[in-house]
């Protein structure tokens, strides 16, 4: 049996759904699942210190291979002793492969069997990223969990295109496995693609499972499809993945999508959503979305969320936070970002308890009753 650096331990299955309570063991510690992972694109979660992230219960964070390759460079980070030392974070780190960022540069990229040529968004220079290069960068970064280089096809692309794409992604995954220099202390995940086509998802999953990765990601979702379409893809994709390995749904952070992903057997999630909307003064609360910059909060001396015990809600009022944001004070963004991240990390803590109590469906109903059933129409 292969001795993986990343191990999944199942603690309990929920009786009424596909949800599972567990933990993932990594070279930099163990974290409970299901877990939401804050995104630290440039080796920092925007405006948050490592100490603040630990205080809110973030057991793992994500960093971005593409951005760190371009700046400051993966070789510089390797000289610093790896990403953990560079950013002073002693807990697990997951890095993506750069594939999604290249996907988002659709107007300036060219995909071949060898890899992807694209324009550097910082200076316009021509760049080339291959499966081997994506693995080499992540080996230099030293993350605990790495991602295979993949193409993320658009959800509504034609069947023939998506079929060719997933077959190439499988070949890229095999090349990445061969290029992996540190399988003893970095776990490489395969990424299942296939857009909304069940047979292609099945083909992609079968290819990757045969390669025996330490964990598996479900990619190509949260890219414009409806909430119902995402759930349908998870319904037929998650059961294809091994029960004894972690399952990661990439790029998902809306509260209803997190709960629905857990119900379908997902263990890990990430998204820039909580910090991105926080910078515009949009806050997640137990009673739904709150835009604290609105004029009606100018004299509101209550917390962002009466049911939240985070640092922001324990110490500051809506009126004060609104003032900071209107005055372009960074501290305001720090407070809203901390609150939103805490909200999702704490939501997952409640979800884990609901799995333990076998009442996840009741928890979902109660949560959405207060939060609002139309969350999927809010981009939130």
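The backbone N, Cα and C atoms fix where each Cβ goes, glycine too.
Record check: Swiss-Prot places 308, 310, 313 at the Zn(2+) site, and the matching candidate among 323, 339 is 339. Residue ranges 244-250, 251-257, 258-264, 265-271 are listed, and Swiss-Prot annotates 251-257 among them as region 'RNA binding'. 220 is the only one of 73, 124, 220 that Swiss-Prot places in the substrate site (with 96, 97, 98, 99, 100, 150, 193). Looking at 235-239, 275-279, 280-284, the stretch flagged in Swiss-Prot as region 'RNA binding' turns out to be 275-279. Distance between Cα atoms for residue 339 (Zn(2+) binding site) and residue 99 (substrate binding site): 30 Å, as a whole number. Between the CA atoms of residue 97 (substrate binding site) and residue 313 (Zn(2+) binding site) there is a gap of 36 Å.
Shown in sequence order, 303, 304, 305, 309, 311, 312, 314, 338, 342, 343 are the same-chain residues outside 308, 310, 313, 339 whose Cβ sits within 8 Å of the Cβ centre of the Zn(2+) site. As a whole-number mean, the pLDDT of the region 'RNA binding' (251-257) in this prediction is 97. If you take the Cα of residue 193 (substrate binding site) and the Cα of residue 310 (Zn(2+) binding site), they are about 37 angstrom apart, rounded to a whole number.
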